[in-house]
Amino acid sequence: QMMKHAWDNYKRYAWGLNELKPISKQGHSSNLFGNIQGATIVDALDTLYIMEMKEEFKEAKEWVEKNLDFNVNAEISVFEVNIRFVGGLLSAYYLSGEEVFRKKAVELGEKLLPAFNTPTGIPWALLNIKSGIGRNWPWASGGSSILAEFGTLHLEFVHLSHLSGNPVFAEKVMNIRKVLNRLDKPEGLYPNYLNPSSGQWGQHHVSIGGLGDSFYEYLLKAWLMSDKTDEDGKKMYYDAVQAIETHLIRKSSGGLMYIAEWKGGLLEHKMGHLTCFAGGMFALGADGAPSDKTGHHIELGAEIARTCHESYDRTRMKLGPEAFRFDGGVEAIATRQNEKYYILRPEVIETYMYMWRLTHDPKYRQWGWEAVEALEKHCRVDGGYSGIRDVYNNHESHDDVQQSFFLSETLKYLYLLFSEDDLLPFEHWVFNTEAHPFPVLRKDDGNKEENQK
């Protein structure tokens, strides 16, 4: 019902545009996608399919066939277009077998390739997909590319090579690994900034939240998606977790485990909502950890899940802030006005879903249901779902954006949390960072039938 409310209103007021403004009942366009249109449609395809919303899936597919156009003169975020558009098209193809999705995914993948035309092959953050000219965010340390952005192309590009028969996609992302493996890591940690021209780190900031997050997720998932043959990805992941445990994971005086941010050796005791995905990641990786560490990784996941639940529970609206702190006598609470907002983000619910599937402890469903009730009470409006400006306030101040990832991630993870484990089982499927499921590529055979199970 939530998906239907979000989708029907997008269709009514913003069809074919990127996102919906549910209060003003009109389209919303983010500059992340340049003038590629239809982000909500492409992001929601697999959710519609999984929820068996067949009519809606059909109309979305028809829109993609007729209207999804990449021949635009515009600068796009390589990362956002990859995880939402390439990822959304790939998963729609693997679930439905409809050829149009494969074709469009490969076409878009080809348009993204010029981003890798740098001295090191570390891609630019921004690319004009008509001219092929790339650049980095002007605010990023000394013209650097961002770890989470260039580190979150791997799963999609490996599948693009698999589906197109063109090895260039996989080669581009394997080269990123080579560059990273040649570099010295401060304390075994990966800084958030890497200069694509010099191949050197920018400032030594480390975060498992924004700017860093999905790089770590993709190391683990690259190994899982390779049917556990990508030993390099596996080693990089477990080594990184070791360094994170040593240098970033701390316990508050009230006993809450959190992942701090590292700035040139100094810790900032704050955790972002984005960082909350790590609970699910640690639990998902528990199985491949050294045998004496399996329980420990599940425990890490459970502790992070608990802390993130507290960040929700300690607000008026029972929805978590964008960032929360552990200093000056506060625990798991946002202290700055510009960190008190909630934009329909999925990461906490994502961790509940993984923890539920891997432990079957009923509290994760309980916590997920609390989030559903809070979303219905505070974010649902006549025209869809809106983010909130201050989760500690008594009165909703809506930000008037229904993010495409609300349909792609938040609602899908909730649906999976309350579904049977055999819906998209983890042994066959790996989710990209936008919750788009990709099949595990079996080592024993290249044929697609097996991969589509």
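Cβ from N, Cα, C; glycine included.
TrEMBL annotations:
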ACT_SITE  E80  active site, proton donor
ACT_SITE  D213  active site
DISULFID  C276-C308  disulfide bond
ACT_SITE  E322  active site, proton donor
ACT_SITE  E347  active site
BINDING   T433  Ca(2+) binding site
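Shown on the structure are the features that TrEMBL records.
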residue : record                    : contacts (Cβ under 8 Å, 6+ apart)
E80     : active site, proton donor : L32, F33
D213    : active site               : A148, S207, L274, T275, F277, A278, T433
C276    : disulfide bond            : I304, C308, S311, G320, E347, V348, E350, T351
E322    : active site, proton donor : G272, H273, A334, N338, E339, K340, Y341, Y342, I343, R345
Problem set entry | Cβ neighbour count (within 10 Å, all chains shown) around E347 (active site) | 24
Exercise. Other than its own, how many Cβ atoms are within 10 Å of the Cβ belonging to T433 (Ca(2+) binding site)?
Worked result: 26
For this session: Specify the count of other C-beta atoms within 10 Å of the C-beta of C308 (disulfide bond).
Result: 29
